[in-house]
């Protein structure tokens, strides 16, 4: 078993960098490992057009560490009022790479999201025409649907219809959490892919709920039962190019997580590739990590692969108990625990 693993530099195809003072921390954590990242647009107010995307992009670039070549790939936030013209303008910008469908109320800062899928059909048609991928938070939000069933329900009620109606539209089913989602993506046409988080590969709902409620495991879509975790691992290590890395690293200040009504999100960017390495090692599949982390994503998006490399070494180190997060602190996933892989260096 090798104690050293060298990969083409990976990208993160789903990350939350937040805004304001927090960028000084989140951008550096992402840039430590990733060449590029698809940056989620669910700010307050959200990133709804190319001008807002450019302003946010400039704030991210200003927070890059010295000499970093990290590239933020910007995303529009779809609303009921997003027009086909806004899609075309965003595509022409060269820096907006996708548009994100949040069902209204599904997750953090999604109140401005789409209330009915049909309301964005004109935008989706324009996206298909110009070659802009649709990123989907795949959960229904009706109160009568159990939180553990909302992903499967979204597939049956909405996603199948979107894929059938727009056969040339690239669709990324983001942060999939169920065997149902993995099967849907496998069986869908080649224009449908999915991201998988490290925390959904490493953990299931027992880790969050057994022996006490652990708020730093709470995320949306929520962790599912262990059989779904195993199905996600099967997909990630399969070598199927439809599945690729997306951390959904989503920081919240400690007081917003450790609360009577805590926020959803796990902060993993500080050690993302190390966490994925642990998951792949569980399946004796470290040879599949480069495809998942570095190749499948850019290939799906039609972007060039990175050419520089990173190196991981098998070395135990202790995750920090907390990290700075603007004016506050954030408790990262695995805080205070031992990690088994460590990012060593970048190679030209």
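Even glycines carry a Cβ here, placed using N, Cα and C.
Positions annotated as Zn(2+) 1 binding site by Swiss-Prot, on the basis of sequence analysis: 14, 16, 100, 248. All protein chains considered, the CB of residue 248 (Zn(2+) 1 binding site) has 27 other CB atoms within 10 Å.
There are 25 other Cβ atoms within 10 Å of the Cβ belonging to residue 252 (substrate binding site). Summarising the annotation, Swiss-Prot assigns substrate binding site to 16, 17, 18, 42, 137, 220, 252, 264.
In the three-state DSSP scheme, residue 100 (Zn(2+) 1 binding site) is classed as strand. Swiss-Prot lists 100 with the feature N6-carboxylysine, giving sequence analysis as the kind of evidence.
For residue 100 (Zn(2+) 1 binding site), the same-chain residues 6+ apart in sequence whose C-beta sits under 8 angstroms from its C-beta are 40, 41, 42, 75, 76, 77, 78, 134, 135, 136, 137. If you look up Swiss-Prot, you'll see 100, 137, 175 marked as Zn(2+) 2 binding site.
The annotation active site is assigned in Swiss-Prot to 248 on the grounds of sequence analysis.
In the three-state DSSP assignment, the secondary structure recorded for residue 14 (Zn(2+) 1 binding site) is strand. The subset of binding-site residues (16, 220, 252, 264) lying with their Cα within 10 Å of the Cα of residue 175 (Zn(2+) 2 binding site) consists of 220, given in sequence order.
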